[in-house]
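Contents: one structure, followed by commentary.
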Amino acid sequence: MADRPQPHHIQVRPTQPRYGEHEYGEHGGRFGGIKGQQQSDGPSTGQVLAVITGLPVGGTLLGLAGLTFIGTIIGALVATPLFIIFSPVLVPALFVIGLAVTGFLTSGAFGLTGLSSLSWIANYLRRSSVVPETLDEAKRRAAEMGEYVGQKTKEVGQDIQSKSHETKRQTGHTESR
(Lines of atoms letter the chains of each structure in order from A and count residues from 1; the text may use other names and numbers.)
(Lines give C-alpha, C1' and ligand atoms only; values in the text may rest on other atoms or scores of the structure.)
Protein backbone atom coordinates (compact mmCIF):
# COMPACT_ATOMS: atom_id res chain seq x y z
CA MET A 1 0.00 0.00 0.00
CA ALA A 2 2.83 2.33 0.51
CA ASP A 3 3.92 2.21 -3.09
CA ARG A 4 0.48 2.99 -4.30
CA PRO A 5 -0.08 6.84 -4.89
CA GLN A 6 -2.74 8.52 -2.83
CA PRO A 7 -5.47 10.39 -4.79
CA HIS A 8 -5.36 14.16 -4.55
CA HIS A 9 -8.51 16.02 -3.68
CA ILE A 10 -9.10 19.04 -5.85
CA GLN A 11 -11.86 21.48 -5.06
CA VAL A 12 -13.31 23.34 -8.04
CA ARG A 13 -15.25 26.54 -7.32
CA PRO A 14 -17.10 28.45 -9.99
CA THR A 15 -15.85 31.99 -10.36
CA GLN A 16 -18.21 34.56 -8.89
CA PRO A 17 -19.14 37.39 -11.28
CA ARG A 18 -18.24 40.87 -10.07
CA TYR A 19 -20.92 43.25 -8.92
CA GLY A 20 -22.73 44.64 -11.93
CA GLU A 21 -21.49 42.00 -14.41
CA HIS A 22 -23.75 39.43 -16.02
CA GLU A 23 -22.90 35.92 -17.08
CA TYR A 24 -22.62 37.10 -20.70
CA GLY A 25 -20.21 39.89 -19.88
CA GLU A 26 -20.46 43.34 -18.38
CA HIS A 27 -22.54 44.91 -21.16
CA GLY A 28 -24.64 41.88 -22.08
CA GLY A 29 -22.56 40.81 -25.10
CA ARG A 30 -22.06 37.10 -25.73
CA PHE A 31 -18.28 37.26 -25.44
CA GLY A 32 -18.03 39.97 -22.82
CA GLY A 33 -16.74 42.70 -25.11
CA ILE A 34 -13.55 44.56 -24.34
CA LYS A 35 -14.35 44.95 -20.65
CA GLY A 36 -14.85 41.21 -20.32
CA GLN A 37 -11.33 40.58 -21.61
CA GLN A 38 -9.65 43.22 -19.44
CA GLN A 39 -9.21 43.05 -15.70
CA SER A 40 -9.68 46.52 -14.19
CA ASP A 41 -9.79 47.03 -10.47
CA GLY A 42 -10.14 50.85 -10.30
CA PRO A 43 -12.18 53.55 -11.95
CA SER A 44 -11.65 54.30 -15.61
CA THR A 45 -9.87 57.39 -16.90
CA GLY A 46 -13.18 58.91 -17.99
CA GLN A 47 -14.63 58.47 -14.52
CA VAL A 48 -11.59 60.09 -12.92
CA LEU A 49 -11.76 63.05 -15.32
CA ALA A 50 -15.49 63.43 -14.69
CA VAL A 51 -14.90 63.62 -10.94
CA ILE A 52 -11.95 65.99 -11.33
CA THR A 53 -13.95 68.41 -13.49
CA GLY A 54 -17.31 67.87 -11.79
CA LEU A 55 -16.28 68.60 -8.23
CA PRO A 56 -15.00 72.16 -8.76
CA VAL A 57 -17.88 73.10 -11.07
CA GLY A 58 -20.49 71.57 -8.76
CA GLY A 59 -18.89 73.10 -5.69
CA THR A 60 -18.75 76.54 -7.30
CA LEU A 61 -22.39 76.38 -8.36
CA LEU A 62 -23.45 75.15 -4.92
CA GLY A 63 -21.55 78.04 -3.32
CA LEU A 64 -23.21 80.56 -5.64
CA ALA A 65 -26.61 79.08 -4.83
CA GLY A 66 -25.88 79.49 -1.12
CA LEU A 67 -24.77 83.10 -1.59
CA THR A 68 -27.88 83.86 -3.61
CA PHE A 69 -30.08 82.34 -0.90
CA ILE A 70 -28.36 84.33 1.84
CA GLY A 71 -28.66 87.54 -0.22
CA THR A 72 -32.37 86.88 -0.74
CA ILE A 73 -32.94 86.38 2.98
CA ILE A 74 -31.05 89.59 3.85
CA GLY A 75 -32.97 91.54 1.19
CA ALA A 76 -36.28 90.25 2.54
CA LEU A 77 -35.30 91.23 6.09
CA VAL A 78 -34.37 94.75 4.98
CA ALA A 79 -37.39 95.23 2.70
CA THR A 80 -40.06 93.88 5.07
CA PRO A 81 -40.33 97.08 7.17
CA LEU A 82 -40.53 99.15 3.98
CA PHE A 83 -43.33 96.93 2.65
CA ILE A 84 -45.23 97.37 5.90
CA ILE A 85 -44.79 101.15 5.88
CA PHE A 86 -45.77 101.59 2.22
CA SER A 87 -48.43 98.86 2.11
CA PRO A 88 -51.38 101.26 1.62
CA VAL A 89 -49.78 102.31 -1.67
CA LEU A 90 -48.15 99.04 -2.69
CA VAL A 91 -51.12 96.71 -2.27
CA PRO A 92 -53.40 98.53 -4.74
CA ALA A 93 -50.48 99.03 -7.12
CA LEU A 94 -49.63 95.32 -6.99
CA PHE A 95 -53.30 94.50 -7.49
CA VAL A 96 -53.48 96.68 -10.61
CA ILE A 97 -50.20 95.32 -11.97
CA GLY A 98 -51.38 91.77 -11.27
CA LEU A 99 -54.63 92.37 -13.13
CA ALA A 100 -52.77 93.91 -16.07
CA VAL A 101 -50.36 90.97 -16.28
CA THR A 102 -53.27 88.54 -15.99
CA GLY A 103 -55.07 90.39 -18.79
CA PHE A 104 -52.03 90.28 -21.08
CA LEU A 105 -51.46 86.59 -20.38
CA THR A 106 -55.13 85.79 -20.92
CA SER A 107 -55.26 87.70 -24.19
CA GLY A 108 -52.12 85.93 -25.33
CA ALA A 109 -53.58 82.56 -24.39
CA PHE A 110 -56.81 83.33 -26.24
CA GLY A 111 -54.83 84.52 -29.26
CA LEU A 112 -52.73 81.35 -29.32
CA THR A 113 -55.84 79.23 -28.90
CA GLY A 114 -57.54 81.02 -31.79
CA LEU A 115 -54.48 80.71 -34.04
CA SER A 116 -54.04 77.04 -33.23
CA SER A 117 -57.74 76.42 -33.91
CA LEU A 118 -57.52 78.18 -37.27
CA SER A 119 -54.35 76.28 -38.09
CA TRP A 120 -56.00 72.98 -37.19
CA ILE A 121 -59.02 73.80 -39.37
CA ALA A 122 -56.78 74.79 -42.30
CA ASN A 123 -54.73 71.59 -41.99
CA TYR A 124 -57.89 69.51 -41.70
CA LEU A 125 -59.35 71.09 -44.82
CA ARG A 126 -56.10 70.58 -46.74
CA ARG A 127 -55.93 66.89 -45.80
CA SER A 128 -59.56 66.06 -46.39
CA SER A 129 -60.65 65.05 -49.88
CA VAL A 130 -64.16 66.41 -49.34
CA VAL A 131 -63.09 70.05 -49.58
CA PRO A 132 -64.27 70.82 -53.14
CA GLU A 133 -67.70 69.29 -52.52
CA THR A 134 -68.00 71.13 -49.23
CA LEU A 135 -66.97 74.44 -50.80
CA ASP A 136 -69.41 74.01 -53.69
CA GLU A 137 -72.17 73.11 -51.27
CA ALA A 138 -71.30 76.11 -49.09
CA LYS A 139 -71.40 78.42 -52.13
CA ARG A 140 -74.76 77.00 -53.19
CA ARG A 141 -76.19 77.41 -49.68
CA ALA A 142 -74.89 80.99 -49.48
CA ALA A 143 -76.53 81.79 -52.84
CA GLU A 144 -79.80 80.20 -51.69
CA MET A 145 -79.66 82.13 -48.42
CA GLY A 146 -79.05 85.38 -50.34
CA GLU A 147 -82.07 84.70 -52.54
CA TYR A 148 -84.18 83.83 -49.49
CA VAL A 149 -83.14 86.98 -47.61
CA GLY A 150 -83.85 89.08 -50.71
CA GLN A 151 -87.31 87.55 -51.12
CA LYS A 152 -88.13 87.98 -47.42
CA THR A 153 -86.94 91.59 -47.51
CA LYS A 154 -89.17 92.28 -50.52
CA GLU A 155 -92.17 90.65 -48.78
CA VAL A 156 -91.60 92.57 -45.55
CA GLY A 157 -91.24 95.82 -47.53
CA GLN A 158 -94.53 95.15 -49.32
CA ASP A 159 -96.25 94.33 -46.01
CA ILE A 160 -94.99 97.57 -44.48
CA GLN A 161 -96.10 99.53 -47.53
CA SER A 162 -99.58 98.00 -47.52
CA LYS A 163 -99.97 98.63 -43.77
CA SER A 164 -98.91 102.24 -44.20
CA HIS A 165 -101.52 102.67 -47.00
CA GLU A 166 -104.18 101.12 -44.77
CA THR A 167 -103.17 103.42 -41.93
CA LYS A 168 -103.39 106.44 -44.27
CA ARG A 169 -106.85 105.41 -45.43
CA GLN A 170 -108.04 104.91 -41.88
CA THR A 171 -106.62 108.21 -40.68
CA GLY A 172 -107.98 109.91 -43.79
CA HIS A 173 -111.47 108.61 -43.04
CA THR A 174 -111.25 109.67 -39.39
CA GLU A 175 -110.04 113.17 -40.24
CA SER A 176 -112.71 113.78 -42.83
CA ARG A 177 -115.54 112.92 -40.45
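Quick reminder: no glycine exception, Cβ is built from N, Cα and C everywhere.
Feature annotation from TrEMBL assigns region 'Disordered' to 1-42 (among others).
Look at TrEMBL and you will find 19-29 (among others) tagged as compositional bias 'Basic and acidic residues'.
Sequence annotations record features per position, and here TrEMBL assigns transmembrane segment to 61-86 (among others).
For 92-118 (among others), the entry in TrEMBL reads transmembrane segment.
DSSP labels the residues of the region 'Disordered' (149-177) in these numbers: 28 helix, 0 strand, 1 coil. Look at TrEMBL and you will find 149-177 (among others) tagged as region 'Disordered'.
For 152-177 (among others), the entry in TrEMBL reads compositional bias 'Basic and acidic residues'. The list of residues near the compositional bias 'Basic and acidic residues' (152-177) in space but at least 6 beyond its ends in sequence, with Cβ under 8 angstroms from a Cβ of it, is empty.
Sequence-remote contacts of a segment are chain residues at least 6 beyond its ends whose Cβ falls under 8 Å from one of its Cβ atoms, and the transmembrane segment (92-118) has none.
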